[in-house]
Amino acid sequence: MINFKKLAALGLAVVMGVSVLAGCGADADSSAKADGDAKEAGTEKTSVETKHHKISVGLYTDHGRSVEAINAYLDGIDDVIDVEFNTFVLSTYDENANLTAVQNEISAGAEGIIMTADMGTEAILKECESANVYVAGFLNDYNMSFYTANEAVFGNEYFLGSVIDGPLDNKGYAEAVAADVIENGYKHVGVATFPDWAYPLQQDLANAFIAKIDEYNETAEEKIEVYEIAEVDFGTGLPATYFTDHSDMDCLFSVAAGASLVYPQMVSDNRTNIALYTTGFEATEDIENFRSSGNGTFKSICCSAPEAIAYPVCLIIDKLNGTTYSDLPAEKERVDCAAYQIISDDEMEQMKKTLYYTADYKDAAITGEDILSMCASYNPDATYEELKAKLLDLGI
Amino acid sequence: MSEVVLEIMGMSKNFGPVVALKDVALKICRGQVHGLVGENGSGKSTITSIAAGMQPATSGEMLFMGKPWKPASMIEAQHNGLSMILQEANTIPGCTVAENLFAGKENEYSRFGFVNNRKMNADADALLDRFGISYMRGKDPIDQYGFEDRKLIEIARAVNEDTEILIVDETTTALSMEGRDILYKIVEDMVKRDKAVIFISHDMDEIMEKCTILTVLRDGEIRGTVTSEEIGQLNSIGMIRQLMVGRDIGNKFYRSDYDPSCSDEVVLEFTNVSGPNVKDFSLKLHKGEIVGIGGLSGCGMHDIGRMAFGMEEIDRGSIKCRGKEVESAKDAVEKGIGYISKNRDTEAVILQGPIENNIVLPSLKDISKAGFVSPKKRKQLADEQIKLLKIKCNKSRQWVNTLSGGNKQKVSFAKWIAKGSDIVIMDCPTRGVDIGVKQSMYSLIDQMKHEGKAILMISEEMSELIGMSDRLIVMKDFKISKEFIRSAELSEADVIEYMI
Amino acid sequence: MKKGLTKDLILNHGSDVLGYGGVLLCVILFGILSQGRLFNAYNLRILIQAACVYAILSMGAIFIYSMGYMDISVGAQLGVYSIMLILISNKTGSLLLAFGAVLAISLVCGLINGYVAVMLGLPSIVTSIFLMSIFGGIQVIAMEKIGINSISIEANMDLFADVKFMIFVIAVIAIISVYLFRFTQLGEYVKSIGANETATEYAGISTTKWKVIAYIFFGICVAVAAFMLTARSGAAGKGTGTGYAMDIMVALLLGGMPLSGGMKAKISSSLIGAFTYVILSNGLTLAGVSVEVGYVIKALVFLAVILITCRKKDGVLPR
């Protein structure tokens with residue numbers, strides 16, 4: 001009797017599993033068909049002979065606004081540029097898991113891999129080299145968290161380069177924030193960053209901000225007090241006592257995902273009256289409470305456009321097609337892109353029209369056709385400098 | 001004949017190819033204590049478990065209070081007035097006594113999802129008082145009580161005013177004298193209120209005393225019915241035994257000789273041993289001697305066995321095996337001591353494991369050569385014992401939990417015979433074992449004596465102590481109250497005098 | 001007669017049959033859905049590479065799980081051992097010395113896991129939580145001291161990252177495990193402890209001693225696994241090893257190992273489980289299943305296996 005139940009349970013699970021899989025299979029088929037149709041339409045429109053490729057995109061997380069935006073963007077461009085994208089999840093801590101994930105993608109037929117996390121990069125490159133698969137980075141700064149192996153990464157012929165999250169030198173944002181702080185007359189300012197060893201560049205941001213305030217203090221009658229820098233932990237966020245230690249704080253510059261790691265503590269400490277300037281964008285509380293909306297806690301946010309993925313996409317397509325830009329440097333590059341620096345309600349209105357916010361391909365700043373025209377394979381006149389310039393055009 | 005409350009018609013039960021019940025018809029009447037007797041595996045528990053909703057019958061019908069009866073679960077049966085007290089432990093560990101008593105009835109005590117513990121505990125206390133077990137309280141955690149007390153809680157849970165039929169399935173084997181009295185009182189009360197009781201036990205004396213009608217089963221079939229008039233007759237026990245076993249087992253039940261002699265060599269010596277439940281206990285156990293220890297359940301005799309096996313600390317005195325102190329169970333086994341626990345299913349055998357693994361467990365070290373245990377040797381050792389003790393099984397890989405109580409006990413014996421232990425401590429060696437197996441156990445113990453093994457037999461069964469021991473030690477209030485030497489004249493009355 | 005045989009097979013070897021059934025099901029299902037790519041030479045190689053560490057760890061873990069215990073410090077131990085391997089070998093240039101040091105520490109941990117629990121009368125899960133916290137702390141502190149996310153090994157590990165070497169190591173550990181488990185006192189006793197610890201003690205067996213030995217063998221397996229892990233990725237960081245304790249538990253369950261331990265434990269559970277676990281992820285990718293649907297399917301397979309392997313009478317879930 002009991003065995004029968006077990007067999008029934010097994011049977012049921014098998015049936016469910018198969019039907020779910022069969023469903024996906026059907027989906028895949030129909031989308032492939034749609035691919036075909038779209039391809040015909042695409043070729044007609046752009047009159048460019050494209051070659052079909054398969055690129056896998058490893059994302060550092062499986063949820064959130066940026067993932068939705070990236071997925072929407074890839075769905076939008078794949079028909080036009082004739083690339084089958086497959087997204088998979090990377091671990092931010094497990095080298096071996098990432099290697100396994102990349103191997104699985106290669107086995108599933110990926111010709112190129114775009115990585116947004118760098119754990120296990122060396123082993124992954126070694127694997128890709130043997131499998132003749134190209135790797136490029138996106139949102140990924142191999143130079144910082146991976147400096148012991150920098151040469152091994154950038155010197156590898158299967159690594160094509162990486163575009164980082166925003167500008168390499170983002171001091172402009174820090175200075176803009178400082179100006180806004182001064183203008184609004186905040187006098188007691190806190191600063192928070194991730195640990196130095198994790199993101200050294202962010203320390204520069206904090207320093208630029210403090211330098212600007214100091215400069216103001218030299219001439220000001222009523223000086224601005226800046227508290228010691230708080231270190232934000234990836235798991236637990238801001239130190240629990242930062243607000244209680246500084247009971248008269250009226251402003252905080254968080255150079256660390258403010259919406260998820262700092263704001264919750266402001267709420268629990270009932271200190272949402274503090275003006276929060278932050279990096280990162282979640283499109284949740286930060287948009288509901290931005291300046292004139294909600295409780296107005298958020299005064300600024302900063303992030304970069306998902307369309308920057310066009311850089312690794314173009315590099316991989318050209319490499320796979322065997323074409324190169326006439327001006328492609330021999331050294332692999334770590335390029336930057338413009339940032340969305342949102343410090344006013346007007347700018348937020350603009351932000352709301354971007355792909356990042358809407359997750360709708362029709363709002364994309366770089367279209368599929370743009371990508372085709374930026375690839376050396378499909379446009380002999382395309383240059384590498386143009387591609388880089390396009391990335392710097394993405395900001396607000 | 002009074003009103004029939006439960007009628008079973010043409011009931012059969014098959015477990016695969018094994019026929020457990022064959023076309024059984026049975027009527028249970030009001031005001032009766034209906035005994036079911038038979039060897040292990042004769043189908044007694046199968047009948048009651050079907051009636052109580054634990055499993056369905058393969059075919060057949062039942063009428064309970066005139067209506068067709070087919071309970072889907074024990075809870076449903078109990079709800080309709082048919083309660084059963086199980087052979088195995090059935091309380092929920094980690095809960096309080098009250099929570100156990102009212103398991104499944106929390107709704108009556110809860111409001112908005114919160115259980116009113118105070119009211120539940122008070123009701124539990126009242127219930128416990130009614131059953132005369134006031135030393136237990138509703139708020140106490142169940143785990144602080146022993147197996148016997150937990151059994152009483154199960155009884156208190158099973159019986160209420162609406163119970164029409166109470167099934168007692170070998171519950172008394174788990175109970176002390178005091179616990180039994182409580183149960184007997186409940187049984188008598190049920191009879192007084194014109195309800196019915198189905199009583200299953202291996203203890204023939206108990207059966208003869210308490211039951212008003214008996215049904216004898218063998219191999220899943222009814223072999224005879226003994227009415228109350230017949231129960232009173234002198235030769236009835238012999239007759240019932242013959243019905244149960246299917247042959248005349250004759251007079252040779254216990255040892256036939258009355259020769260208490262043994263070797264002079266002392267193998268196990270207790271010198272002024274004291275512990276929490278033992279005071280100043282001294283004893284010399286000789287090679288080839290059977291020493292019986294008897295007494296009431298709480299007299300400390302069970303502690304003696306555990307102490308000698310190194311499983312219980314002693315406060316004062318010493319226990320020496322051939323002149324050397326026993327330090328731990330491991331040490332005891334190495335010195336040639338074997339221990340058969342009275343809690344067979346929890347301490348003596350691994351139920352969830354094959355017979356072979358059970359038998360070879362203490363002997364593995366002996367048969368391993370440079371760390372290697374030969375599967376062939378293991379199997380050989382187990383098979384030898386299965387053959388020697390006539391353990392009824394298909395193969396040595398069969399799991400112990402599929403065996404009947406008597407065969408489980410044989411496995412527990414086989415461990416130490418295989419190991420070659422020459423001092424065997426047996427705590428209630430024939431508890432829950434049917435007559436056929438009992439008889440073979442006794443002849444085995446006799447044979448062990450003649451092979452020169454020393455046996456310490458701790459038992460609650462007076463007749464087997466008198467029938468088997470060379471020397472019988474009676475304990476009372478943690479102390480030795482009397483020592484008897486084997487003789488034909490010794491009677492139970494003589495012994496009981498020193499127990500109470 | 002034949003019918004009777006099948007029945008006997010299902011009744012007595014139910015969990016074995018179903019354990020193989022699970023892996024067979026995965027292989028056939030994904031073999032078809034991936035249009036045969038599951039059996040590519042490349043795919044077979046990466047399957048072995050991915051399963052190697054899980055297989056080694058779970059073979060050691062079988063000895064612990066057989067007793068009805070579990071060890072959740074594996075992940076943190078793995079992380080610290082990997083970092084230590086890299087640091088010591090980078091400093092001294094001797095891989096052997098590094099491995100020796102790691103092995104020594106793993107033995108001490110085995111001792112702590114097995115002995116301290118008994119000595120203090122704690123359930124062994126408590127000591128393993130204790131070890132997990134300590135090692136987790138050491139790992140974070142070490143990496144913060146070094147000041148980067150991930151450190152790479154300088155020594156050339158290509159030989160050890162080779163799939164032939166991996167097969168060799170898996171085979172060696174498998175042979176040792178099977179031998180210990182089936183033909184020595186250790187294997188018999190860990191199963192007995194899992195099935196009934198009291199009765200095992202009443203059979204005159206020093207359960208403490210054998211628990212410690214079981215944990216020590218597990219410790220050796222963890223050290224070897226850490227070596228193979230490092231060889232494969234060539235790097236280790238703050239989060240290396242995180243999640244492995246759970247992965248192993250899942251793998252063992254998929255292999256048909258009851259969590260309550262006991263006589264049904266088998267070494268084959270660990271190999272079957274490790275490969276099923278890896279094939280599941282690999283197969284879903286090959287079949288082109290999206291990440292979200294992949295989670296659902298994994299959950300379904302897991303649920304099915306749990307329902308199958310749960311013991312008959314002892315309730316729904318193995319303890």
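Cβ from N, Cα, C; glycine included.
As recorded in TrEMBL:
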| type | residues | note |
| --- | --- | --- |
| TRANSMEM | C:17-34 | transmembrane segment |
| TRANSMEM | C:46-66 | transmembrane segment |
| TRANSMEM | C:72-88 | transmembrane segment |
| TRANSMEM | C:95-116 | transmembrane segment |
| TRANSMEM | C:122-142 | transmembrane segment |
| TRANSMEM | C:163-181 | transmembrane segment |
| TRANSMEM | C:212-231 | transmembrane segment |
| TRANSMEM | C:243-263 | transmembrane segment |
| TRANSMEM | C:283-310 | transmembrane segment |
Discussion item. I'm a bit unsure how to read this: which one of C:17-34, C:163-181, C:243-263 has the highest number of Cβ pairs shorter than 8 Å with the transmembrane segment (C:283-310)?
Written reply: C:17-34
Worksheet item: Based on Cβ pairs under 8 Å, which of the stretches C:17-34, C:122-142, C:243-263 lies most in contact with the transmembrane segment (C:46-66)?
Response: C:243-263
Discussion item. At a Cβ cut-off of 8 Å, and with pairs 6 or more apart in sequence only, do we get at least 3 pairs between the transmembrane segment (C:212-231) and the transmembrane segment (C:17-34), yes or no?
Written reply: no
Response to the item:
Beyond a gap of at least 6 residues from its ends, the CB atoms lying under 8 Å from the transmembrane segment (C:122-142) belong to 69-73, 75-77, 79-80, 83, 87, 109, 112-114, 116, 211, 238, 240-241, 245
Discussion item. For the transmembrane segment (C:72-88), give me same-chain residues lying six or more residues beyond its boundaries with a C-beta closer than 8 angstroms to one of its C-beta atoms, as numbers and ranges.
Written reply: 57, 61, 94-95, 97-99, 101-102, 105-106, 109, 113, 125, 128-136, 138-139, 142-143, 151-153, 222-223, 225-227, 229-230, 235-246, 248
Response to the item:
Tertiary contacts of the transmembrane segment (C:95-116), defined by C-beta under 8 angstroms and 6+ residue spacing from its ends, are 71, 73, 77, 81, 84-89, 122, 124, 127-128, 131, 155, 157, 208, 211-220, 222-223, 226-227
